[in-house]
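Straight from TrEMBL, the features:
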- N72, Y75, E76, C129, T164, N214, R219, G230, I231, K232: Mo-molybdopterin binding site (BINDING)
- 91-248: domain 'Oxidoreductase molybdopterin-binding' (DOMAIN)
Amino acid sequence: MAAYRYPKIAASEITPQGVWMNRRSLLAGAGAAAALPFIGGSGAQAAPLTTTPGPYATDEAHTSFQDITSYNNFYEFGTGKGDPASRSGDFQPEPWTLEVGGLVGKPKTFDVDALRAFPLEDRIYRMRCVEAWSMVIPWVGFPLAALLDQVEPLGSAKYVAFETVVRPEEMPGQRGLFQPMEWPYVEGLRLDEARHPLTILSVGLYGATLPKQNGAPVRLVVPWKYGFKGIKSIVRITLVEDEPVTSWSRMQPSEYGFYANVNPEVDHPRWSQASETRIGEGGFFNSARRPTLPFNGYAEEVASLYDGLDLRANY
Ligand SMILES: Nc1nc2c(c(=O)[nH]1)N[C@H]1C(S)=C(S)[C@@H](COP(=O)(O)O)O[C@H]1N2
Ligand SMILES: [Mo]
């Protein structure tokens, strides 16, 4: 993936998390849905969401709202870490439709209100990017299994395929001479991975709707896998029989696999995966690198999904 660079966004373009949280409670108190705060440099509007504490919380310090919304990978807006925040001003995540179909008994289309109507939980997860950096993100979301239940997958459905929106007119990374990858960005999970209680569709973070740069209005979060599995701004979910094509393995099969479970013992061909830098704890080359944990620390919950699978061969 692209070179490691911290984004050059003026501090004045980013609402500090504390200020933003205060505004949010102020708004909630006043019941004022009309005056929504703006997030980051992208002009994304945030609305508070009603949530309940979910399972799997961690006592690790949360990465700051500023870091989570200014250091991003979202190649539809460019490959620089600051591009998703600074170049997503034209992106319109609302209105939105998410079509769910394929091998299901009841295909269904969800709009944003329908997505936010699922019982929303706070899910505080570690996120480990394949580039060897990590964050702790307080997502707001609901189990993907809850959505799958509504469409009634058929017995023949073995995998779930996901697709990001294609809108060159709103996404500068999808137009022009240099396009880093083939669009749409696509991802996939085995059906049992998709149904695992840790797997969520996220519609928010830090208690409010998802900023554009993080994949508004709905993105996937699979915390035991490398971050690239967490496909953003999803427009289609399709239940299928065969393992679906995924963006990074299509582009570079020798470096990125379908499973992409976080594994400190399997190095990327060009760098070690044994340790990681926690964003916010210092620069990329700081000395305080943390050991990377098998399945990103979620082995107890998910290792049994892979009994009998050679994880070195099926990375
Ligand atoms: N559509 C789309 N989804 C994407 C990406 C992308 O470029 N396009 N990047 C992935 C990668 S590599 C990572 S690490 C995470 C980053 O999520 P964040 O920016 O919310 O931290 O999003 C993933 N989802
Ligand atoms: Mo990533």
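Just so you know, glycine gets a Cβ as well, placed from its N, Cα and C.
Keep in mind that what you see is a predicted model, and the values were worked out from it rather than measured.
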Quiz item: Roughly how wide, in whole Å, is the group N72, Y75, E76, C129, T164, N214, R219, G230, I231, K232 that binds Mo-molybdopterin, by largest Cα to Cα distance?
Solution: 19
Quiz item: If H, G and I count as helix, E and B as strand, and all else as coil, what does DSSP give for R219 (Mo-molybdopterin binding site)?
Solution: strand
Quiz item: Around I231 (Mo-molybdopterin binding site), how many other CB atoms lie within 10 A of its CB?
Solution: 25
Practice problem: According to DSSP, folded down to helix, strand and coil, what is E76 (Mo-molybdopterin binding site)? | Solution: helix
